[in-house]
Amino acid sequence: MVDEHKAHKAILVYEKGWLAFSLVMLVVFIALIAYTLATHTAGVIPAGQLERVDPTKVQDKGPWADPAQAVVQTGPNQYTVYVLALAYSYQPNPIEVPKGAEIIFKVTSRDVIHGFHVEGTNINVEVLPGEVSTVRYTFKKAGEYRIICNQYCGIGHQNMFGKVVVKE
Ligand code: CUA
């Protein structure tokens, strides 16, 4: 009788232990998912800065419509460049910016997912139709920088290039 009671108690402790363990694991999993979501989204779109745009109208109106007016001076030494990615090129091309100025690239796609990587820099973002990817950079050296699409986007993907010309 005494032993039975002890055994029952032991089982209860055992069960409580497992229950606590499952709860801890549940919390750990939820935290991991939240962390992954937060860090992944932060890499592509800065938190709280999610900008949306209608990809079917992006070439008709708005800042991406006219490649000739894509480079906008937004401060004494700051420029915003509206870059449109499309199969299989970038607009404007070339992108001309001055050396030493803060350049804010706002990149969106008209059709499918593209990449926007500027060779020789850490500029490297995914470009999604309907969303605006923002990346800031200051070119310290004048010259020509090649833009590469590093997301497979179709038959012309390997020939999808653009150019940034940084002037003195
Ligand atoms: Cu665009 Cu690959």
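Each position is counted from 1, following the chain as shown.
Quick reminder: no glycine exception, Cβ is built from N, Cα and C everywhere.
TrEMBL labels come from automatic prediction, so no person has curated them.
Taken straight from TrEMBL:
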DOMAIN    66-168  domain 'Cytochrome oxidase subunit II copper A binding'
TRANSMEM  18-38  transmembrane segment
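Taking DSSP states H, G and I as helix and E and B as strand, the domain 'Cytochrome oxidase subunit II copper A binding' (66-168) has 6 helix, 60 strand, 37 coil. Here the domain 'Cytochrome oxidase subunit II copper A binding' (66-168) has a mean pLDDT of 97 out of 100.
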